[in-house]
Amino acid sequence: MGTQLTPGQMLQAHARINKPERQMGQFRSSSLSGNGIVGSAFYTFPAMAAVASIFSPISLLVACLIMTIYRPILLELGSAFRLNGTNYVYLLQSSGRTLAAIGATTTLIDAVAASVVSAAAAGAYVKGEFPEIPATDHTIGIYLLVLIALFALFTLRESGKLTLVITIIHMVVMAVLMVGSTIAWTHTGTDMIRHNWELRPTGAARIARSIYIGVCVGITGFECSPGYIQSIKPGSYGQALRNLLIMSLILNVPLVLLVYALLPNEVIMKTDNLLAVLAEVSLGKPMRVVIVVDCLLVFSVGIFAGVVTGCNLVEALARERVLPQLFLHPLPAMEATYLPVILFVVISIAVYFSSAFSLSTVSTMVSAAFVSTMLLVSAISIGEDNITENGIQYSTSCLLLKFSLDRLPRAYKSSMWTAVLGIIVMLAILIGNIIQDSRLKVARIMLWAMDQTKMFRGWKLDRLVVRWMKHFRKHPVVFWVKDEHINHLMRAVTYIQDNEITDRVIVAHAYTDGMIVLELQANIRLLEELFPSVTIDLVFVRGSFSPVVCVELSTPDSWLTCIDLFR
C-alpha cells in the first residue's frame, strides 16, 4: 500500500525541521553545570578535610586537574553526536541497545544522585544554621527538591539566563569571601595554619594515602554538560568545558586553603557549614547570612541541573521508543513535558529514602555514578581511536570494536592514550572510593560472592578472606569516658560497633574520684552482657585527662574515636 504526502504535509514537516531553537552560549551553558562544580565546595570540603586534613588543597588541585583529561574526550564525542542523552546516545550509536541501556541507567543515576545530594546538603546547611526550624534536615531537602522540580516544569526551556545570574552572584560572593579571608589571614598571621600543619599525618605512606583519598572524595566534573548539548551553540561547547575547569581552579582550591589558614582543625572536623563559619570569622555575622543564602541558590541550581539532564535523557529514551510516547506529551498550552519531571522526582525521593537520609551515603553514590559515567565515556572514545586509520578526521564510537561509523565526520579528535589514561584514573578513583569505606564490609561482600560462585569454592579463598577480616578486627579502639552514665556508654559502644573495624574496645578513664571508678566497673560488666561479640576492657589512669596522657600511654591516633554523644 502506497502513501502520498500532500504539499501541506511537506510544508509542516519542513517547518518542524527548520523551527528555530533557543541556544545557549558558552557562559549560559557553563552556568548550568558550573553551579554544581563551584557549589561542591559547600559539601565537599568537610568530607575532604576528614580524610586529607591539611593536604586538602593539594587533593582538590589534583582533582581539578584530572578533569583536563576528559575535556578532549567530551569534545570529540560532542562533535560526533550532537544529541542530548549523553551515554545513551553515544553507546546507542556505537554499540547497540543493550549497552545503551546500561549507559542510560548510569546517566540517570548520576543525575538523580546529583540532585539528591544538592537537596540533602541544602537541608543540612539550613538546619545547621537555623536549628529552631520545626523540620528535619531531610524534610527540608525533600521540600526543596519538589519545589525546584515544579519550577523546572515551567522554566526548563528558559534555564540558561537564570543559572547564569546565580552563577555570577555565587562567584561574586566567593570572590568577596576570598578577599576578606585573605585580609583576615594577613592580620592573624600564620599561627593557625602552623597549628593545623602540626596535626598532619606523618610518614610518606600516610601522607600519600591522605592525598589520594582526598582526590577520590573531591573529584567532581562536568559529566552533566553533554546532557543538554543540543541547546548549546555550535562552537561554544569546548569553551563551556574550559570555563568549568577555570571556575573550579580559581574558586575551590584557594577557598580550602583559606579554611585551614583561619579555622582550627577541631572546628573543621566538626563543622558541616565550613564556608559559613569562615565568612563569620573573616567578615562577620552578616557575611555568614549571605553565604547561607548563596548556598541555597547554588544547591537549587544543582538540583535544577540534575533535573535538566534526567528529563532530557527520559525524552531521548521516549523518542527512541524505549519508553512510552506518553513521556513526550506536553502540558496543555505549554511546550514543557511533565511526565519526565514527575518520574525524576519520584526516583529522587526513592533514592533519598533508600539511603536512610544519609548525606554521606548519597555523596558516595554521586562519586560512584560520576566514575561510572566517565568510564563509559572513556571506553567509547577508545573504541573510536582504535578503528580510525591514517589520521582521517572521522568520529566513530565503538565499545567492543564491533561496530564502525568511520564515515561520520567530527571536528575534534582526541588521542587514544588520553582515553586510556582516563580509564586508568577513573578506576583508581573508584578503588579509592571503595577502600575509604569500611574494609570489613568489602570483605563481607567478597565472602558472599565467593560463597555464591561454585568455581571459587574449591580454592578455599573464603579462609583467606576470614583471616583478612580477623586482621582488621584485632586492633582495639580506645574510648575515653568522662563519667559513668550507662546511656552514654551504650551509645559509644553502639557507635564503635557500627562504624569501627574492631571487636575489642578499651574504655579508659582518668579519675580523681573513687566513687566513679566503682560505678564504672559495674556498668562495664553490664555492657559486656549486652554486647557479647565485643570484648570490653577497662583501664583507669589516676590524674586529669589531657593529650599528654594519651601520648604517655602510647595510644596511636587511629585507635582513638571521637564521639559526639549529644548530636
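A Cβ is built for glycine as well, from the same backbone N, Cα and C atoms used for every other residue.
According to TrEMBL, the transmembrane segment annotation covers 32-52, 58-78, 99-126, 138-156, 163-187, 241-263, 289-317, 338-359, 365-383, 416-435.
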Restricting to the same chain and to residues at least six past its boundaries, which positions have a Cβ under 8 Å from a Cβ of the transmembrane segment (138-156)? 115-116, 119-124, 126-127, 162, 296, 299-300, 303-304, 307-308, 311, 331, 334, 336, 338, 341, 344-345, 348-349, 352, 357
Between the transmembrane segment (99-126) and the transmembrane segment (289-317), are there at least three Cβ pairs closer than 8 Å, leaving out pairs fewer than 6 positions apart? yes
Given the cut-off of 8 Å on Cβ pairs that are 6 or more apart in sequence, determine whether the transmembrane segment (163-187) and the transmembrane segment (289-317) share at least 3 such pairs. yes
Hey, does the transmembrane segment (338-359) touch the transmembrane segment (289-317), meaning at least 3 C-beta pairs closer than 8 angstroms, sequence gap 6 or more? yes
